[in-house]
Amino acid sequence: MERPELPIGLPEDIEEKKAAARSWFEGLRDTICASFEALEDELEGPLSDQEPGRFVAKDWSRENGAGGGGRMSMMEGRVFEKVGVHTSTVHGEFSPDFRAQIPGAKDDPRFWASGISLIAHPVNPNVPAVHMNTRMVVTSSRWFGGGADLTPVLSRRRTQEDEDSQLFHKAMEIACRNHAVADYDAYKAWCDDYFFLKHRNEARGIGGIFYDWLHSNEDAGGWDADFAFTRDVGRAFSMVYPKIVRSNFNKLWTEADRDEQLIRRGRYVEFNLLYDRGTIFGLKTGGNVESILSSLPPVVRWP
């Protein structure tokens, strides 16, 4: 989708709005981490004789005098081979070559951004990988963006008719349909277009939703309406993905399933390093490299 021209100007209470968004993202992080640790405790199938995983949190600050930082929460366990749930709140100035790409930054390079980002790579190939992020960005304008998408790693499960796909899509649809500022059909199509490996002519997963530059006018509810929708995206994800994990994590798998999982993870690596907007944004704004690249799976294979 082509980037729109957003209105210039910020509300008088923008600092309060920044604080509210940051608080939400950090609270959602804690909720999701607790939920994922509970899944580690509940496992009864393969690998249940191993110790359940626990998140290890590491705070970081931007270097070279740039402002802000974040918390990187990583876990390696018996359900999740690798999962990262990260929050960050950063501010500073965009580099000259990056300003033209960002709404409201052409004439004033200052920015502030806060958000949550999550990628989970489960052990069991029957459990799909998942990605979710939501964020608020402020320049001389302001907007929300984010989304969530599901990546089954087994070809027999990587269909729109699969029960996991149906459950995930329904959760995202409800999150959108409850808000007039959201356009589910457009966000679903945007996700399909965004998470596509052009060099392979194939989708990364089964989709979900993706949105950016959400800046509603006051007649439509303004910032409050955009923030309410963004919160519901996080809530929907935090409820639906654990359901999907529970329905699959006790199933048996074969070596062939594991091989297929590792090959599919290779596609994840290719997308994140070649196309992912969040990865590029983080690296160009002095983000934490370890946190940014933690989205990459722990073990990968290319045929």
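Keep in mind that glycine also has a Cβ here, set from the backbone N, Cα and C atoms.
When other Cβ atoms within 10 Å of the Cβ of THR134 (substrate binding site) are tallied across all protein chains shown, the result is 27. Residues annotated as substrate binding site in Swiss-Prot, with sequence analysis given as evidence: SER117, ASN133, THR134, ARG135, GLY286, GLY287, ASN288.
Non-local neighbourhood of HIS199 (divalent metal cation binding site): GLU270, LEU274, each in the same chain, at least six residues away, with C-beta under 8 Å from its C-beta. Residues or ranges marked as divalent metal cation binding site in Swiss-Prot: HIS121, HIS131, HIS169, HIS199.
Using a 10 Å Cβ-Cβ cutoff, HIS131 (divalent metal cation binding site) registers 24 neighbours. For HIS131, the entry in Swiss-Prot reads active site, proton donor, with the evidence type sequence analysis.
Among the features that Swiss-Prot reports, site 'Important for dimerization' is placed at HIS199, with the record citing sequence analysis.
Per-residue pLDDT, averaged across the region 'Important for dimerization' (268-303), gives 86. Annotated region 'Important for dimerization' per Swiss-Prot: 268-303, in sequence order.
Taking the Cβ of ARG135 (substrate binding site) as centre and 10 Å as the limit, one finds 21 other Cβ atoms among all the protein chains shown. The binding-site residues examined here are HIS121, HIS169; by Cβ neighbour count within 10 Å, the least packed of them is HIS169. With helix defined as DSSP H, G or I and strand as E or B, the region 'Important for dimerization' (268-303) counts 22 helix, 0 strand, 14 coil. Sequence-distant contacts of ASN133 (substrate binding site), defined as residues of its own chain at least six apart whose C-beta falls under 8 angstroms from its C-beta, comprise GLY115, ILE116, SER117, LEU118, GLY146, GLY147, ALA148, GLY278.
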